[in-house]
């Protein structure tokens, strides 16, 4: 039995896990070409209205014949483009979040109709009363609105800017659609004010939905895993994902109260957060002129507005970073879109600890260094026990080598002799694998923190490290990591099995190549951990064996 064999197996399993997870993303079945949804009989065959939510008996509002005008809204946090056709938000830029450190003047673009068919839509659906003429009775997201102007800027001396649009029906119903933007916020208040001057009761619902085009391809083994891109919703205290393939396979239809719907991607998301009165969630897949659209939305309870009365549907729309503190304040469970996966029970405490350390240091690179010290301190005692076991193994390595030579043709005899030696020297041959057992879950937890936490996006450290969430541009840290792995091997007991010796000689090279494209913050953690481990192991070796 060899104390390093578990280390070898765990290392290989770890590598296989990385390969498998990224392979799954690269080779997952692609959604088939979507077909036009026919859920709404009144809109079958209409490309403009194909993505209206299904509701029996509902007739859509007046469809615009043109493309509408584009309204530009600029605040300190957002740059939005709104189409007067339906009040559809067709583009959303985040000026305070550049796409990269090398392009500081190019903002992240979340909503993007032109390139990704990714938009936010909302509208009204009229619930007809028997015998009532309901044509032109409610504007949906294809209806043409009028607007007093097309450029809005949040003034320096103001805290909000309001963008109104109006629609009038021949029946005497007027709908004022408002977008309300506030300083320092990625949250937009959206209202549909219904002024009923007709001779009958107006009854209907408001729907809010997000439409996304074909999702991007996943990451690769060398470039790393890619964060989840797709839909999600929250109800009854549960967070659920709705992938694009899920939408393709079946339409979502769930009745509930409260919650939200969102489309999320790496570091950012868009979400409809209505008052706690959501009545139904739905999803569908549409196609307009060959362009697919994956739709996820929710509908409000029905309102009845008497003749001569006015009432308002209200919602909130968030488009911005997945900042956990901000998302918690907006809606219950919205912070769960920062998805750490199955290792959330490790990643969340790690991120909390990192935020605490960062509040003192103010630099995420030094925060990772200090985090490594803290983790090492927490696991100091079990690691020390493991290193003592490894030191004892190194001390008896000449005897193990002698046993291996004497029992070359007798595997059972060699096994018995080794067990007797371990028992005599009070050595646990499995004790040396504990350090790697500790490192792997913390390593993977930190990997997802770097992958999902927008707070660490474009976080600088020192020298050329301007973004710890991307690879080292000069591969210095991975090379240092490989060197520290090699030095660690010199401190470990030599392998008795010649084959294992050869494999272990290549381990630093294999890991160096693998880590070349990992986030530099992750490699920084591993380097510091290796250095601390070597110092601890050197001290224990010197104490037990009498030399380093």
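Each residue, glycine too, has its Cβ placed from N, Cα and C.
Feature annotation (TrEMBL): of 477-502, 503-528, the stretch labelled transmembrane segment is 503-528. Per TrEMBL, the stretch carrying the note transmembrane segment among 322-342, 343-363, 364-384 is 364-384.
Between the stretches 29-54, 55-80, TrEMBL puts its region 'Disordered' entry on 29-54. Residues 430-450 are the range that TrEMBL records as transmembrane segment, among 430-450, 451-471.
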